[in-house]
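Shown below is the structure under consideration.
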Amino acid sequence: VLMAAVVVALLLFFTQSPSLATADPPASHGHDPPANATRRLPDIIIIGVRKGGTRALIEMLNLHADVVAAQREVHFFDWDSHYRRGADWYVSQMPYARPGQLTVEKTPAYFTSARVPERVLQMKPDVRLLLIVREPTERLLSDYTQVFHNRLEKRKRQQTLETLLMRGGELNLDYKALNRSLYHVHMRRWLDAFPRSRIHLVDGDELIRNPLEEMKKVEEFLHLEPQINASNFYFNQTRGFFCLRDRRRERCLHGSKGRKHPRVAPEILRKLYDFFHEPNRKFFELVGRTFDW
């Protein structure tokens, strides 16, 4: 139970990021861009999944000297108001990159948005895609928890998980948090647009338990010189999870970020685990890989 709480806390911290304002491009804060650096379409897009660990992944990837990361979720391909602004606007949201560096952005809503795969293909057919997935029931609970706290902060009326999840004694398949965990449904659309070789799957649960090994696989997929190493991670005994170290700068979970999952009746949890068995099997078959779910 303690380890589960630790994993949830770290994922919640890393997967939260402010949404991008629809106003002007990012300011340079009074600094000139690095010599020979330009903004360009991203070479890598982290397409999801929501509450799977996308923030952790982009922070860890940004440890590499040859990677520069957009600081915010751009929502270019899934928000029509942004997409209508065109490629020049999208490029303006990217960080400056020197020759040889790879640019990465992450917007986890891309994975489940039906129109996004074709839009990405049309604009950047040679892009490399990263999808980080997590055990579907835990991801659903994290999804609900984030929405619960967002509504709490805005003083909006709350709904219990059972009210959202159950309908007439059966699981409510229209509940968005449940639908997002049906990975095979959304993955099919991406595989209709891109070959499997262009999509690397990151195990979000393993990224927390053993971040170095997962990041080695990411470096290999991106054809990056191996740079991320054991010195970039340290286990915080007090907090009970791995934190990041980069050029003597340490980044760890803020004490206020940990959020407990709601208490869920055992019979509902059993119903969820039973329900996801077949969708998980279809996903494993689709991607040619199994996970420990």
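Each residue, glycine too, has its Cβ placed from N, Cα and C.
Below are the features listed in TrEMBL for this protein:
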ACT_SITE  K51  active site, for sulfotransferase activity
BINDING   K51, G52, G53, T54, R55, R134, S142, K257, G258, R259, K260, H261  3'-phosphoadenylyl sulfate binding site
DOMAIN    42-278  domain 'Sulfotransferase'
SIGNAL    1-23  signal peptide
Let me know how many other Cβ atoms fall within 10 Å of the Cβ of S142 (3'-phosphoadenylyl sulfate binding site).
23
In whole Å, how far does the CA atom of K260 (3'-phosphoadenylyl sulfate binding site) lie from that of K51 (active site, for sulfotransferase activity)?
14
Say we define neighbours as other CB atoms within 10 Å of the CB. Which of the recorded positions K51, R55, K260 has the fewest?
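Looking at the recorded positions K51, R55, K260, the Cβ with the fewest others within 10 Å is that of K260.
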Could you round the CA separation between S142 (3'-phosphoadenylyl sulfate binding site) and the residue listed as 'active site, for sulfotransferase activity' to a whole angstrom and send it over?
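About 6 Å separates the two Cα atoms.
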